[in-house]
Amino acid sequence: YHYPASGGAGVKVYVVDTGINVDHEDLQGRAQWGANVGQSAGSLTVDEQGHGTFVAGIVAGTRYGVAKNATVIAVKVLDHQGLGTTSDVLRGLSWVLDQHLAADHQKTVVNLSLGSTYTRATNMAVEQVIKAGIVVVVAAGNGNENLVPQNACDYSPSSSEHVITVGATDPNDKFASFSNYGRCVSIMAPGIQVTSLSSANNTGTVSMSGTSFAAPHVTGVVALLLGEAGPMPPAEVKQRLMNAATQGSIKGLLAGDGTPNLLLYSAVDMSPSRSGASHTWPMPLWPLSPLLLLVVNLLRLG
């Protein structure tokens with residue numbers, strides 16, 4: 001995978017996660033703190049856990065990143081253990097939506113490398129964000145608490161209809177043993193032995209595995225596409241990614257479970273959209289109804 005140094009210019013990528021070490025030298029001033037909306041998410045300007053910084057480095061780092069000129073914005077919804085609630089994530093998505101609509105920015109991506117069991121409130125919120133013209137990329141998930149793979153359609157936000165749900169492969173293009181599967185998965189990307197940024201200091205790197213780290217590869221390619229081709233509807237972005245994907249190269253998929261044999265390929269059609277950007281003006285996600293305020297499903301990293 002080789003990516004242009006100028007890729008992703010003018011694109012905003014919201015990393016809804018544990019925060020970002022915005023001072024890491026590999027992000028070269030293109031990382032910003034946006035909001036800390038988790039009720040127990042800790043310090044506003046510190047990524048105590050490291051997950052969000054790692055994700056941001058894959059999206060936009062100068063050494064290991066895909067869209068090396070994109071702007072990454074931290075939306076902190078998870079704590080130092082990488083845990084949070086559905087309500088925290090809904091607050092984060094609401095904040096992103098408010099920012100997007102206020103600026104009328106038409107080249108926006110959200111990365112959600114997190115998940116929980118199926119939660120209607122999460123899926124509804126994600127669909128509202130997409131209706132506003134924002135591309136949403138999510139991790140398929142790493143199975144249950146014992147890392148036994150599960151159907152991604154049984155989890156949120158991976159089951160949301162219009163997101164781009166990403167499963168993981170290893171360096172030999174074999175399906176990751178922990179990756180969730182099924183028809184709700186849109187595409188695969190590298191997710192084993194991935195190297196990216198450490199939050200421990202401003203220069204460090206680390207290697208990790210998970211669908212959490214497959215998703216930001218796709219997010220980065222989306223940023224490349226929007227940066228080069230300009231605004232386009234999220235559905236068109238998703239279709240272009242799938243059309244460009246390498247078909248049939250992934251080994252280890254089970255026949256009949258609905259998982260697509262599509263591996264991310266960065267040579268996406270970069271021509272301008274003929275349909276142009278389109279969005280609706282959804283109802284605010286926040287303040288939420290009293291019913292949604294009681295939603296406290298535990299989310300964990302993807």
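Any Cβ shown, glycine's included, is placed from N, Cα and C.
Summarising the annotation, TrEMBL assigns active site, charge relay system to ASP17, HIS51, SER212. Taken from TrEMBL, the feature domain 'Peptidase S8/S53' covers 8-254.
Where TrEMBL records a feature, it is marked here on the structure.
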residue : record                           : DSSP (3 states)
ASP17   : active site, charge relay system : strand
HIS51   : active site, charge relay system : helix
SER212  : active site, charge relay system : helix
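Across the residues of the domain 'Peptidase S8/S53' (8-254), the predicted structure has a mean pLDDT of 94. Neighbour list (ASP17 (active site, charge relay system), Cβ cut-off 8 Å, at least 6 residues apart, same chain): HIS51, GLY52, VAL55, ALA74, VAL75, LYS76, VAL77, LEU78, ASN111, SER113, LEU114. Around HIS51 (active site, charge relay system), a 10 Å sphere centred on its CB holds 25 further CB atoms from the protein chains shown.
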